[in-house]
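Chemist: Following this message is one structure expressed as structure tokens.
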Amino acid sequence: CFYPIAECQPHCENETMVPVLTSKKASELPVNEVACALQADLQFGLTREEITRRRTYHGWNEFDISEEEPLWKKYISQFKNPLILLLLASAVISVLMRQFDDAVSITVLCSASFQEYRSEKSLEELGKLVPPECHCVREGRLEHLLARELVPGDTVCLSVGERVPADLRLFEAVDLSVDESSLTGETTPCTKTSAPQPAATNGNITSRSNVAFMGTLVRCGKAKGIVIGTGENSEFGEVFKMMQAEEAPKTPLQKSMDLLGKQLSLYSFGIIGVIMMVGWLQGKYILDMFTIGVSLAVAAIPEGLPIVVTVTLALGVMRMVKKRAIVKKLPIVETLSCCNVICSDKTGTLTKNEMTATHLFTSDGQHAEVTGVGYNNSGEVLLDGEVVHGFSNSSISKIVEAGCVCNDAVIRSNTLMGRPTEGALIALAMKMGLEGLQKEFVRLEEIPFSSEQKWMAVRVVHRTQQDKPGIFFVKGAYEQIIRFCTTYNSRGVALTLTHQQRELYQQQKSYMGTAGLRVLAFASGSEMGALTFLGLVGIIDPPRAGVKEAVATLISSGVAVKMITGDSQETAVSIASRLGLYTKGSQSLSGDEVDQMDIQHLSQIIVVFYRASPRNKLKIVKSLQNIGAVVAMTGDGVNDAVALKAADIGVAMGQTGTDVCKEAADMILVDDDFQTILSAIEEGKGIYNNIKNFVRFQLSTSIAALTLISLATLMNFPNPLNAMQILWINIIMDGPPAQSLGVEPVDRDVIRKPPRNVRDSIITRSLIVKILVSSFIIVCGTLFVFWRELRDNEITPRDTTMTFTCFVFFDMFNALSSRSQTRMVHEMGLCSNRMFCYAVLGSIMGQLLVIYFPPLQKVFQTESLSILDLLFLVGLTSSVCMVSEVIKKLERLRGGEKMADTDDFHDV
């Protein structure tokens, strides 16, 4: 094949640049026309000058990923949030009114941007892979260079174990088999040739048998090809461009915080308006009333909330790192608490993308099951529950021997070199301790596998008997192998193959095929026309360990799980059935059917989508989002990247996932463990509950403090608390006790609870009731103490000390009851949250110092209290916790009555 550049020179006299050929067009053209169109010399390669010229026009063979957003921009972007804008306004007003303590809290928000920056840096470290290299012919020499240096028209050489560096139109292919699962989802490697294809047969990317696509893996054989597409002009790049065009949706927590910010703004303006109106009616100066109103509104805004949210999310991210999951953006951790649909890719996600023998049927009718997954020796061969090892069962060992000897694959350090189906047979031999059989035979002759004949045969002789003619071992499709057989093996004896036996084997083969297994038949003998049939082996890419249990837990907690794969219907349904996804009444849908359906009509009962393209996957995700679902998408291949970015939560596999996939995802499972998603959902639900706990505590304390000061101001009462005491309460309100609510341990039962409704506000009706009840008790209790101490109508240090201490103790008991909205204090355990214990003890110690330490007594205008005073205050203030516990008990009783209705709702 020699097509000199000179032959094509007339086409480029005007210095027009070489066009990029699409893979569809290139597959239709003969090789000489492709070479001419690209002005290439297949044997000599391109010259240095030509390479430089083409690179100037086409660019490097890589993807133009947008530059990392600077840290200062991430910090500035924090202030786009309505709640942050409200706080910023309150901070400015606080500075103007010389209340500097409130203003300082805003600066702490930079921890959010820093934590996100750290998380994204962790992703960057994960994505630092060895730059892909390739072998390329240039100026007549075979060179070893980086794949990014390739240009259209380059000649590339491929061999076993290499990744294809660019889209190639093959012009030489020797027994070439390419694994395209990362691009198409197809588990079975594609056999490649160099012959041109008619336009009518190459419409689908999987049918272009003379094109090797960028990012796919050479499993077997060798080849040469001409580069037709690099970087974003490759099929890989098309998916990448679709992904970049897709906007990541806003998370439910961000929406909830936006709504909370708007609600608090509304309430704040309401407070200012009411106080100004009442003061104006009383004849007071309007400016004085405005100053008081703004002060109260600023005090009412929980400036600690963004800090608590950030710290809570950051701690969740750190806990997820320990569970081998990297979260790229903080709010994503909480988003999983709302997730009610998980769309999962099959190959490499629910399964390991490693073909495994799972079933054996011997020619004398024995059924054996094989355990373990992947290219390793973990697992056993079980016959009626008994382990079969070595040559303990001759019928099984003969099948394993044939599969091991008639084999070109090698497994080293759990890594396969060769075809996946052959790797499964080597792994089967390893499980029985027979992998050494391959070395005991000398190969005399080989008839290689081809897609036309669908079988492979070797003639071998044992190393100790090299003077003998040898024996044939044959494997392949059952219909082809049975034609060579005249006898069958029955416990070591060759019996004549009857019509009834053939029928039995055909039935067994059909049964294994309908179960989604790829069936191989085996035979051996001294002549190819008179072989002895040995049996059948069923091979499949089986589910990962633990996935079935994780799927069952997700479904029981109200999360629907759907499988979207590029694989065949039989394989997809088989895996879905094994995982408990596909049951009676379930339906499956092909990618072509998805294309024809309206986006609104993708039924809820469809749990398996097969032969799905990247565009199909995107349409499915969008259709689910349109009906209000919060969708998580898991995947590992390039074909998953677009849907990963469009989903509310994109989850990529860390080990088997492609770089494009990780770039698109929000979360990366470092160990590719699907069960980690369960931990993430637990974490998300726990984080949201902790944020609600904090909001409840801070708003109930704020409202109580506001009400006290407002009543005193509007009714001309003496102020029950002085300025320093109010400042101390504000520190406690936003300080350690409040912050420690954000680190409350996750309740392990939370995974069984249904996902929260994304439309629900953080401030629900139930929470408002608890906030108002707690505020009412705190206000009434504090006013009672103030009234009790103020009998002489003079405010003394003792009066304010009792009132001040009463309010602080109310705060502590309120924080204790706010640790959970559903669980009682004794169920959680007093010391389960050590940070909370330290914070409360520290606050109480601080309060005692304020009461009993003379220098602080002068600052806070307090005096010492007796032990009886303290006991009285503890008894009174514990009432807020007791009433809260009673409310929880009543809610639980009412919830039990509605349980049956809730179950019916989730069934629907």
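Keep in mind that glycine also has a Cβ here, set from the backbone N, Cα and C atoms.
According to TrEMBL:
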type	residues	note
DOMAIN	25-99	domain 'Cation-transporting P-type ATPase N-terminal'
REGION	182-201	region 'Disordered'
TRANSMEM	264-283	transmembrane segment
TRANSMEM	289-318	transmembrane segment
TRANSMEM	767-787	transmembrane segment
TRANSMEM	799-816	transmembrane segment
TRANSMEM	836-853	transmembrane segment
TRANSMEM	865-887	transmembrane segment
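In the displayed structure, how are the listed features positioned relative to their neighbours?
Modeler: Taking the domain 'Cation-transporting P-type ATPase N-terminal' (25-99) as a whole, pLDDT averages 73 in the prediction.
Residues 27-31, 170-173, 176, 207-210, 212-213, 215-217, 219-221, 223, 235-236, 239, 345-348, 351, 353, 355, 419-420, 450-451, 518, 541, 565-567, 571, 612, 636-639, 658 of the same chain lie 6+ residues outside the region 'Disordered' (182-201) yet bring a C-beta within less than 8 angstroms of a C-beta in it.
Long-range Cβ contacts of the transmembrane segment (799-816) within its own chain (Cβ-Cβ under 8 Å, at least 6 residues beyond either end) map to 697, 700-701, 704-705, 708, 720-722, 725, 728-729, 732-733, 737-738, 741, 774, 777-778, 781-782, 785-786, 788-790, 825, 836, 840, 843-844, 847, 851, 860-863, 865, 869-870, 873-874, 876-881, 884.
Through the fold, the transmembrane segment (865-887) approaches residues 769-770, 773-774, 777-778, 781, 784-785, 798, 801-802, 805-806, 809-810, 812-814, 816-818, 824-825, 851 of its own chain, all at least 6 residues removed from its boundaries and within a Cβ separation under 8 Å.
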